[in-house]
Amino acid sequence: VHLSGEEKAAVTALWGKVKVEEVGGEALGRLLVVYPWTQRFFDSFGDLSSASAVMSNPKVKAHGKKVLDSFSEGLQHLDSLKGTFAKLSELHCDKLHVDPENFRLLGNVLVCVLARHFGKEFTPQVQAAYQKVVAGVATALAHKYH
């Protein structure tokens, strides 16, 4: 992902304030609620029968944190996202058979959740930088798909 120095600084500064567990759980939960077909990949998570069940599900929260921990790792390697996410791409492609479009959807949901959490601090410039990052991560995660 090509970010200007200013964009990298904005992404890094905001990310330092992100509560990964809270934001990750909310982002994954919102994905599962807004795009219910994505729930099929999470059969082992138990009750996903309603928005409140999804949003309060401890397995959703835990996996959301795991997702954002990986995203955090990606932020450390913006110039080599394909390499950073190669194993996860392979896992999601070959073993889990996740539609790569879901990565884009989750990235967009994450941007919305960040905007909700940070309000005025999430300026149009910060949003634009994050849109570049989530698009780059989605592309990297889709890399192993044929």
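Backbone N, Cα and C atoms are what each Cβ position is placed from, and that goes for glycine too.
According to Swiss-Prot, the protein has these features:
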type: BINDING; residues: H63, H92; note: heme b binding site
type: DOMAIN; residues: 2-146; note: domain 'Globin'
type: MOD_RES; residues: V1; note: N-acetylvaline
type: MOD_RES; residues: T12; note: phosphothreonine
type: MOD_RES; residues: S44; note: phosphoserine
type: MOD_RES; residues: K59; note: N6-acetyllysine
type: MOD_RES; residues: K82; note: N6-acetyllysine
type: MOD_RES; residues: C93; note: S-nitrosocysteine
type: MOD_RES; residues: K144; note: N6-acetyllysine
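All features noted in Swiss-Prot, drawn onto the structure.
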| residue | record | Cβ within 10 Å |
| --- | --- | --- |
| V1 | N-acetylvaline | 21 |
| T12 | phosphothreonine | 14 |
| S44 | phosphoserine | 6 |
| K59 | N6-acetyllysine | 15 |
| H63 | heme b binding site | 18 |
| K82 | N6-acetyllysine | 15 |
| C93 | S-nitrosocysteine | 17 |
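Shown for the domain 'Globin' (2-146): DSSP residue counts in helix, strand and coil, namely 115 helix, 0 strand, 30 coil. Counting in whole angstrom, K82 (N6-acetyllysine) lies 27 from K59 (N6-acetyllysine) by their C-alpha atoms. Put simply, of the recorded positions S44, H63, C93, the one whose Cα is nearest the Cα of the residue listed as 'phosphothreonine' is H63. H63 (heme b binding site) sits 12 Å from the residue listed as 'phosphoserine', taking the Cα positions as reference.
Along the domain 'Globin' (2-146), the predicted structure has mean pLDDT 90.
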